[in-house]
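Asker: Okay, handing you the structure first.
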Ligand code: C5P
């Protein structure tokens, strides 16, 4: 047991997201390539008699700090599932990722809280069912490295051999409710991702990625037209190889030819962006 632990909750980025079917309970079957960025939230955990959560950082006022916060729910699950009854923790979440934005902030926070508590209390992590019940993106966020995610989020396989990706994230400052986007998805191809060839260099990887899709992008754009503005802005910047929306939006990512071009595009987009826009090198 330790008295304190820290956790990093990186942004989850769906480089491709194919909706391949729908379960009887309404949840959608996915085939998605997920990577994690270097932008993220931070958690500081301290052993304490009770469970408590404080939220600070630029997006602190946009998320609930009470029982419905995924970090507190994750902490309750950890107590229940691992028999850590009577143990507590005081957690400070520094919220740097915009909430409701398709980059898994809440799920990544929950995953980081579970990893931190496992360390703090010297306990095992909850089982896969309990993780999935917290949110479809929580299992993939438990192990923040490139993964192929299928099922509703429970079928996970690590992906190796991806090139370094100079990524930029831009969010237009409009929160998106995931269920509304799935509801607005009326047409879809249904095909899974093409097999990913081994050990690709950046141009070949982008060539492959350009043939994949995010099926949630058209319905999200119909709900939030600013997504189109963000994508056009990224596509117009020098060195942009591909721009696409992540998850159910509205955050979009772009892949650049190299990190210098990415950094230049970040500076240029930041300088001209409306105040509500969030721009992060990932
Ligand atoms: O699991 P999570 O709380 O992140 O999902 C939010 C909502 O998104 C679900 O209630 C459901 O409407 C939709 N969803 C879905 N299929 C998935 C994941 C989420 O339909 N695989």
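Cβ atoms are placed via backbone N, Cα and C, with glycine included.
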Asker: Looking at the candidate ranges 83-102, 103-122, 123-142, report the one that TrEMBL labels region 'Disordered'.
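Answerer: That would be 83-102, the stretch labelled region 'Disordered' in TrEMBL.
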Asker: Write out, in the order they occur in the sequence, the residues of the chain not among 98, 99, 100, 101, 102, 103, 104, 105, 106, 107, 108 that have a C-beta within 8 Å of the mean position of the C-beta atoms of the recorded ATP site.
Answerer: 11, 12, 97, 247, 251
Asker: Determine the Cβ neighbour count for residue 102 (ATP binding site): the number of other Cβ atoms within 10 Å of its Cβ.
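Answerer: Excluding its own Cβ, the number within 10 Å is 32.
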Asker: Taking Cα atoms as reference points, which of the recorded positions 100, 104, 137 is nearest to residue 12 (active site)?
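Answerer: When the Cα distances are compared, 104 comes out closest.
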